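Database features (TrEMBL):
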type     : residues : note
DOMAIN   : 1-113    : domain 'Protein-arginine deiminase (PAD) N-terminal'
DOMAIN   : 115-273  : domain 'Protein-arginine deiminase (PAD) central'
DOMAIN   : 282-660  : domain 'Protein-arginine deiminase C-terminal'
ACT_SITE : ASP352   : active site
ACT_SITE : HIS472   : active site
ACT_SITE : ASP474   : active site
ACT_SITE : CYS645   : active site
Amino acid sequence: MAPQRPVRLSLKKPTYAVCVVGVETSVDVYSDVPKGAKTFRVSGSPGVEVFMVYDPARVTVPTGKSHWPLDTNVEVTVSVDAASKDLHDLKVKVSYFGQHEGSVLGHSMLYLTGVDLSLDVDTHRTGKVKRSHGDKKTWRWGPEGYGAVLLVNCDRDSVTSRGPDLTNSQLASLDDLQDMSPMVLSCDGPDRLFDSHKLVLNVPFLDSRRVGVFCARGGNSLEDYKQVLGPQHLSYEVERQQGERKISFFVEGLTFPDADFLGLVSLSVSLVDTETLPEVPLFTDTVAFRMAPWIMTPNTQPPLELYACSVADSHGPNKKFLEDMSDLALKTNCKLIICPRIENRNDRWIQDEMEFGYTEAPHKSFPVVFDSPRNRGLKHFPYKRILGPDFGYVTREILFAGASSLDSFGNLDVSPPVRVGGKEYPLGRILIGSSFPKSGGRRMAKVVRDFLQAQQVQAPVELYSDWLSVGHVDEFLSFVPTSDQKGFRLLLASPSACLRLFQEKKEEGYGEAAQFDGLSHQVNRSINEMLADRSLRRDSLYVQKCIDWNREVLKRELGLTERDIVDIPQLFSLKGSYAEAFFPDMVNMVVLGKYLGIPKPFGPIINGRCCLEEKVRSLLEPLGLHCIFIDDYLSYHELLGEIHCGTNVRRKPFSFKWWHMVP
């Protein structure tokens, strides 16, 4: 709480002041002193505490009736322990003495009115507002930290609203109050005090476009709530009713942290004396909030909903693929949501269009979809079909240039929780694909990178993905959950592992077994032919170098060892200067708990089984995973995508609370 300015006393007339409960008020006992006075004594009525502040090196504490010397800069402060019942019902008396302490040279009288004034929020992050006398205007991270949290009110609780709730200056639904953080103003004191004083809520100018405050006056119906602070309201004179001791407010966030916004906002209340010109704030109480970040969820979190698109092309509708997705969802008790063609406009790449995450405060959390700036056929789906009650929406647009392939969210992933050296990342680290450092190639748009970095809780790592035609990180890596102590494995596409496997099969006498066997629309390639194809080998070894570069970055930035990485056999070929998967890219899988929907590779058949599938099973099934190979060749692979690109998964939020971490 901000301290009040000193109260000056007078020998000629009483002085009147307001004293806030719990706040020490400085009393100026030197401004009007009788001639010849050498010492003074201070006494207070019941309910008033008097404190003497002095330098022990200069002042000897007096005995007896406590006459304090006037020439040693002893300071006097007073405080009250409760609100007054009437105006001026508390008093402080200062008596001045000459050389002989028995003779009183004069008295000053100070009449106090105690007011209990406090602005309180969920400073201790329990989900409830409690009265706090500690530091409320500072925000601290960590399990011992403090400071309130605001949710960005980016869902749409009313079906009549056209946009997210944060765009409304009028409350559209009482349910919307649950998305806001409560704030309570305590204002106990004599009613007559507020005839000459007012309470004013304030928001700093820069914060006014980032926060909104609602208050119900006159009742609790929808019409009674009005926005009292926000983009159009920097201050609000509180409408205190007779006898009212507590006034409730509801605070909403209007924007997530970003490059120009660290996430901190503050609100304050001032007690203002209206009988002075200009009006003087006697006391100000300030509270701080941090905007809750947008948080991604990794493959290791349990799946809740699986999304896919119904589309059709020259090969017909993708009905079989959707049936396979339905079977996969059924195994994991996960709800399948199919986006119909009329809504996706034949755009099947639902992973590229959006990324599911969530936001959380101590009192509530809800999912939030991050809409990518790619803006193709699925452009309107996240806003029109996913935004709704307790389902938020956020996007970032590229203002002066078109989106590149790297701006699609197949190029956005997040690791499971990791420890790197001595630093914990309990919510994992975001991974995005980019150009080779200092090469000047394609990068994800700065506006998106800035947004991800500004959330602070999942420090992004940039990988090198510009060597791929599409350029997405999900083309060469994935994470899968495991039941061992590590809890996950990183899967990396590996041309070297694939060439070794084919060499082994050749040496075992299966050199004539053919890749793409059974695909009528694709020319078969025997193991012997593929191993003898210098161009394919050269391309794959180049790709291996690109992946190995990322491998070292991932080991360093995620604290991984070789034991944490599984190499998935995969060949690539170059089209011009960019790489494409030679056969369906098996790391581009959908992960639903322990069930993996893996693109069917159509590898060489040996003893009735695909040797590529058998190799992947041998790598992953000992980890407790179930490999389900799904034919996506015509509907996805031929269009330079796979199962992960054509699906999207909303997952369960972390149990770990983001405010407990230290970024």
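In case you wondered, yes, glycine gets a Cβ from its N, Cα and C as well.
Automatic prediction, not curation, is the source of TrEMBL annotations.
The helix, strand and coil residue counts that DSSP assigns across the domain 'Protein-arginine deiminase (PAD) N-terminal' (1-113) are 0 helix, 50 strand, 63 coil. When other Cβ atoms within 10 Å of the Cβ of ASP352 (active site) are tallied across all protein chains shown, the result is 26. Under 8 Å, Cβ to Cβ, and six or more positions away along its own chain, ASP474 (active site) finds GLN351, GLY410, ASN411, ASP413, VAL587, ASN588, HIS644, CYS645. Every protein chain considered, the tally of other Cβ atoms within 10 Å of the Cβ of CYS645 (active site) stands at 28.
Just so you know, the Cβ of HIS472 (active site) picks up 27 other Cβ atoms within 10 Å once every protein chain is counted. When the alpha carbons of HIS472 (active site) and ASP352 (active site) are compared, the span between them is 9 angstrom.
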